[in-house]
Amino acid sequence: MASSTGIQVPELAHNSLGVADIAVQTVFLVLGLVAVCLRVWSRHLRLDSLQFNDWLIVAAMVLVTGRYFLEIFLVLLCGAGLHTSESIQLGSSTNMHYLIQLICTSDLLRITAVCLIQVAVLHHFLQRYPRFFVRWPIHLQLCLCIALWMASLVATAIVYAPHKLAYLDRHRSELQMLLMGTSITEVILNGFVVASSILILRNAVLTTAQEIVVACIYVLASSMIIISAIRIKIGLDINPQDLTFDYTRISLLSTVVLALGLLSSCLPLLSPAAGRIFQTTAFSPPLDAVATSPILLENRETTIVLGLPADGRPTPMVTITMPPLTKCLSERARDHITITSDWEIRSARNSARIERLSMRRG
């Protein structure tokens, strides 16, 4: 039954893959939104303004949301998830002309979102770990990310050019090369980012909760690489004459990769929000890690006040929780007492000296 408005909602019962695509994308979109909101809230709890990498993550979340609505249009309007012959029978054949345009737009949004997430993670490394041996590889990776992003945009625009839409079956090799190229570059760059984080964190002193968070990040990153490899395998077998079915499988995996990228990029910055939600200080950095950090000690010709951000606001170092009986005896008793740090590092060109100011311990 033909219709000029596309696939109708009651006929979605025949499109199990399309319905699964929308359902999975909805779940992962909500997870990504929660992670980004918790990241922004963590900045607010630390009294910090949003940094450049935070805005990149927010922009990536906006692009992922826009891509989500495009995927809904692909399922409802063009019958994505069905075989092409079934889609033409249920919907209008003219809607197939919109299929490639929507796929092209969705791929452009996906490529840009992946680039923004990778650049945000690398920028966070530059801000958090300003050592020389960390800076130059990160700058090199930033250049690679931006260059490959621009190359992917140009390649996508060329392969999905309007004059090729009617002869897509003749350009199967170009379509496969595009899908393989973008997927392989994502895998390589994600591997570089994971390797960089391992080198950076190998000397870090972490609490048990922080070690669990780092392990979760590596699990998410490894899952991204594995899923991207599976997407490459599907791209090798893609059939342009049955693009509505094959593309939906690729899109489903791409959505999972984007969501895992957002989660893994936000997890390292969620300690303030996690501490507030679970009412614990397990996610705070230990005092020994701050006092003996080799990353901070190498930054010479500067004066660093540990526990104090650049704007001078104190950062909680230790939180003492009052016993329940004490809080019951006093109506005005505080739930906890926060002790801030007054440690200072002063260093010159050829020497580094750690000086501890007066700190009373009760």
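Cβ coordinates are placed from backbone N, Cα and C, and glycine is handled just like the others.
The transmembrane segment annotation in TrEMBL covers 22-42 (among others).
Per TrEMBL, domain 'Rhodopsin' is recorded for 38-273.
Taken from TrEMBL, the feature transmembrane segment applies to 54-82 (among others).
According to TrEMBL, the transmembrane segment annotation covers 98-126 (among others).
Residues or ranges marked as transmembrane segment in TrEMBL: 138-163 (among others).
Cβ atoms under 8 Å from those of the transmembrane segment (175-200) belong to residues 107, 111, 114, 118, 121-122, 125, 129, 134, 137-138, 141, 144-145, 148, 152, 155-156, 159, 168, 217-218, 221-222, 224-225, 228-229, 231-232, 235-236, 238, 240, 250, 257, 261 of the same chain, restricted to positions at least 6 beyond its ends. The annotation transmembrane segment is assigned in TrEMBL to 175-200 (among others).
According to TrEMBL, the feature transmembrane segment maps to 212-230 (among others).
Sequence annotations record features per position, and here TrEMBL assigns transmembrane segment to 250-270 (among others).
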(request) State the residues, same chain only, that lie 6 or more residues beyond the ends of the transmembrane segment (54-82) and have a CB under 8 A from a CB inside it; answer 'none' if no residue qualifies. (result) 6-7, 9, 12, 14-22, 25-26, 29, 32-33, 36, 39-40, 43, 90-91, 95-96, 98-99, 102-103, 105-106, 109-110, 112-113, 116-117, 119-120, 123, 244-245, 247-248, 251, 255, 258-259, 262, 265-266
